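I have placed the structure first, in the form of structure tokens, so that the comments after it can refer back to it.
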Amino acid sequence: MKLTLKVSGKFFDEENSENLSLLRDVIIDLVNNGHRVAVVTGGGGTARRYISMGRKLNLNESHLDILGILVSRLNAQLLLFSLDNIAYPKVPESIEDFNERWASGKVVITGGFQPGQSTAGVAALVSEIINADYLVLATNVNGVYTKDPQKFVDAKLLPKLTVSELKTILEGSQSVNAGKYELLDPLAIKIVERSKIKVLVINFKDLNKLPNILKGNEILGSVVVPE
């Protein structure tokens, strides 16, 4: 299979840093089992701190986005170093860069590309260009819920849903401000929709179960299916 793994920037926050070795080991396991893997890293708390400081300096949204992009690329570089020779040795800075490096046959790890675009949008673009079998979103919730599970105790996990159903759930919760992107931003959803990309949403703490999920040996998270 060809997989795009979108890793929440929270994975790289200090309190979750012990999970980085898990992430590295899962990627190695996937490669050893014959999968081709692209990874997109978010910026996490470090990006939000820089964006917050930038706002206090009255920076515009494009400049704030660039700060977030630079942090996401630093996270990508950290993961890249940990994978040694199975990963392409440089972090791409555009979709064209990514495409050239994907041709190497190695794992390619990237952060953000340009202002106004979330790393979820980057992950959707990457999935489209490699014709991924799955876009895997490793985030801080257990899947897609009927509403925000961190705010509503009666939120219900949806094991399977369509892109249209996902759009309805996310409608009204999207923000285009730097550092405020939701699970999938509008651009990411459009790309997923037009290219009929299958999306798997799981908690990043369950990432070690991904190989079994892909084999059909375990059911976890939410699958967003094309229409």
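Our numbering is plain: 1 for the first residue shown, then up by one each step along the chain.
Keep in mind that glycine also has a Cβ here, set from the backbone N, Cα and C atoms.
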Which of ASP13, ASP65, ASP84, ASP148 belongs with GLY43, PHE113, GLN114, PRO115, GLY116, GLN117, SER118, THR119 in the UMP site listed by Swiss-Prot: ASP65
Within 10 angstroms of THR119 (UMP binding site), Cα basis - binding-site residues out of LYS6, SER8, LYS10, ARG48, ASN140: LYS6, SER8
Among SER8, GLN117, THR119, the one of these binding-site residues whose Cβ has the fewest neighbouring Cβ atoms within 10 Å: GLN117
Top Cα neighbour of PRO115 (UMP binding site) in the set of binding-site residues LYS6, SER8, LYS10, ARG48, ASP148: ARG48
Binding-site residues clustered about SER8 (ATP binding site) [Cα within 10 Å; pool: GLY43, PHE113, GLN117]: GLY43
